[in-house]
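Presented below is the structure to which this report refers.
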Amino acid sequence: MYNAESISKVLKGELLQQTGNPEIEHILLDSRKLSFPETSLFIPLVSSRRNAHQYIPELYEKGVSNFIVSEPVPEGKYPKANIILVKDTMQALHSLVAWHRQQFHIPVIGITGSNGKTIVKEWLYQLLEKDYNIIRSPKSYNSQIGVPLSVWPTKQEHTLAIFEAGISQPGEMEHLEKIIRPTVGIFTNIGEAHNEGFLNIRQKINEKLVLFSKSELLIYCKDYLALNECVLNFHNLVGKKDSHESGLQLFSWSRKTEADLRITSVDKSEHDSRINALYQTTPIHITIPFVDEGSVENAIHCWALMLHLGMSQSVIQQRMDQLGNIAMRLELKQGINNCSVINDSYNSDLGSLTIALEFLQQQQQHPSRTVILSDILQSGKSDASLYEEVASLLLQKGINKVIGIGKNITREKKSFQQITGLKSSFFLTTEEFIQQFNQQDFQHETILLKGARVFEFERIGKLLEQKVHQTILEINLSAVAHNVKHYQSLLKPATKLMAMVKAFSYGSGSFEIANLLQFHGVDYLAVAYADEGVELRRTGITMPIMVMNPEPASFDAILQWNLEPEIYSLQLLKLFSEEVQLAGKTGFPVHIKLDTGMHRLGFEKKDIPELARILSESSLLKVNSVFSHLAASEDPAMDHLTKQQGQLFFEMSHELQKALGYAVIRHIANSAAIERHPDLQLDMVRLGIGMYGIDSANTIQDQLRPVSTLKTTVAQVKHLAAGDTVGYGAKWVAKGPSVTATVRIGYADGYPRRLSNGQGKMLVRGQLAPVAGIVAMDMVMLDVTHIPDVTEGDEVIVFGDTLPVQQLAVWADTIPYEILTGISQRVKRVYFEE
Ligand SMILES: *Cc1c(COP(=O)(O)O)cnc(C)c1O
């Protein structure tokens, strides 16, 4: 049991004040995620941009009474709190959890590598859950913050732990090693992902190997040459170090050479793969219900571990046969009756329930939130206290309705019924729920489906989700968050961030993105037209919103919804002032646009005295910011123009501020300027395309993550003879026997007609297939002659991670902005978080 006193001792911190000594159970790093105030310890992390100490008053108000701080706190301000002072809060977090880890003497599996960490972890969980009470990292919690949060809930009842570790720069693994202290390691593989931050691949491998400095065994694949060499060196260094320790043993597998587990062949059929191997000279095999290479590799890692654990080959075989898909993400889909559905129906444990509830809590679009929850399997707690805890979690997260499915949750329904304001109903089985299902019971709500695999909640998902046209645009919200954070890291500490969500957030959807940005503490939003802003307000976005094209017809809406117009001419200034006066308001916020060389919209230098005079003589308007737009910030050849614009902006904004007599936010930098012209970051920057994963200057592209994937499906496959023609105007002629696939996307979806006749290509079964003939309104034909086994229903990638939208733009002779914003509204957007 921990309390402030014992934790302070562990950390060698200074116990600034102590009042009582309540038990501490939870670590809280993000003030928005507070669930259990009485038993939480808040550790405010500090970065160059954010200092979480600012949330202490708010959390104290909400009943948190344990804090670790690295800054002095005003004496007497928190009379009921226990406060521990340390030098560095991140270090304290790491030391505390490392110390907690020392309390356990169970096998701990540590997983690192470039790809597959989460799948291997989740598969091991599926494969071993019958034999062990397992604690594992939730989702992909593998960072400097995610790892401590994963390890902290380890309890005496656990008999096996599985944690993943990921790093982005040298020096990080040392911390994670102390926290995880794996007894067995798995190095999944090494790829080029996240090579940034490292000099080269060997430096990256060596850094990752640090995780296994104290391990007894390391499982890895010999076939990655650099990895094999680094592992052998590492083994020489640590493996034989201490005579009293047994050192590190290696367990290798290979498809090419001698190894502990020698893979002799992999036979793939339509739906499964049989993997044959030699182990200690005995031929053995497993069959997995997957055919892709990644799955084969991940399964072999799991196999090696099970062999090491001494499990019988027949048990291994039987469990491998039942490996299931891992939902790597929380998807947000459109549901029936104007609902939204978050489908997380593959496992249920407290950790992942908490994460899913946090995601649900962030959704503002509907007035009410519903959770459909199955029995929670595997927790090591008694049912009564478990469902007490779940019920109080639902209360904390503001859930309005819960539907419990399963014997256990039904038995404990009292815990839920005693919460006022929480509607509840219970069913013994999924089948029973489905039989009594009535569409009309679900209206305007966000519904979280959270069930263990055996409950087959995907059947409920089918009832609640709207059927979609098979062409979809997937938006990775985690990637947007990553990109925003990356740009934030490039900013000077005091510089604010305005996010450009005009044009339906560059095609990615409006409130879903805005909601995320609001959550991540972006300062401002900008839209092109007032109705976009109104839409955001209606869906619960409360942060300031600038409107760049405030037409007189929309003034009403601007005033009513508290939007902030861009004023770019004296005429507009006059008209808008009159409207403000009519409405009886004063000090209404506006943004002044200056033209410094783009020659699109904005006041020119000669207008400034007149503008300043009008503004300072009236109290109707308050200038919140003054800004200008750069014409070519991404282009080194045009840097003289950018400099000149910057200089002119500086002079004009200075003149205006002086006349106004108060300070206003100045901003001129767009995405490319943030990185290329840091001296122009000023008081705020306007981030657009970069947030969506595209670096138009192409200098930090490898540090951004692609956000959107446009996918469609094959509607029909045709076998043609030489001379047959394809499509309108018979523009494509088969040179020999050919196969084409007709896919469900056309120019009406935003696929450019310019990409006709081989100009564009799509990915079918991982291979590029050129467009055959003319792009039609709703359909495109692809030449798939060279791609075996293409079948109706196959997924086709139009652009995404492996086929960047930038490439499509080059083929279509345009820019990614046009492709992204051109994807029509009939293409449904599906959002997910990793
Ligand atoms: C669209 C826009 C931006 C964002 O530009 P990116 O190149 O997408 O970063 C910034 N400022 C204004 C005025 C814009 O219209």
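From the backbone N, Cα and C atoms, a Cβ is placed for every residue, glycine too.
Feature annotations, courtesy of TrEMBL:
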ACT_SITE  LYS502  active site, proton acceptor
ACT_SITE  TYR728  active site, proton acceptor
BINDING   ARG600, MET777  substrate binding site
DOMAIN    707-832  domain 'Alanine racemase C-terminal'
MOD_RES   LYS502  N6-(pyridoxal phosphate)lysine
What's the CA to CA span in angstrom from ARG600 (substrate binding site) over to LYS502 (active site, proton acceptor)? 17
Recorded positions listed as LYS502, ARG600, least Cβ neighbours within 10 Å: ARG600
Give the helix, strand or coil assignment DSSP yields for LYS502 (active site, proton acceptor). helix
Using DSSP, tally how many residues of the domain 'Alanine racemase C-terminal' (707-832) sit in helix, strand and coil. 23 helix, 46 strand, 57 coil
Neighbour tally for MET777 (substrate binding site), based on other Cβ positions within 10 Å of its Cβ: 11
Integer Å value for the Cα distance linking LYS502 (active site, proton acceptor) with TYR728 (active site, proton acceptor) is 36
Can you give me the same-chain residues 6 or more apart in sequence from TYR728 (active site, proton acceptor) with a CB-CB distance under 8 Å? GLY773, ILE774, ALA776
Across the domain 'Alanine racemase C-terminal' (707-832), what does the mean pLDDT come to, as a whole number? 95
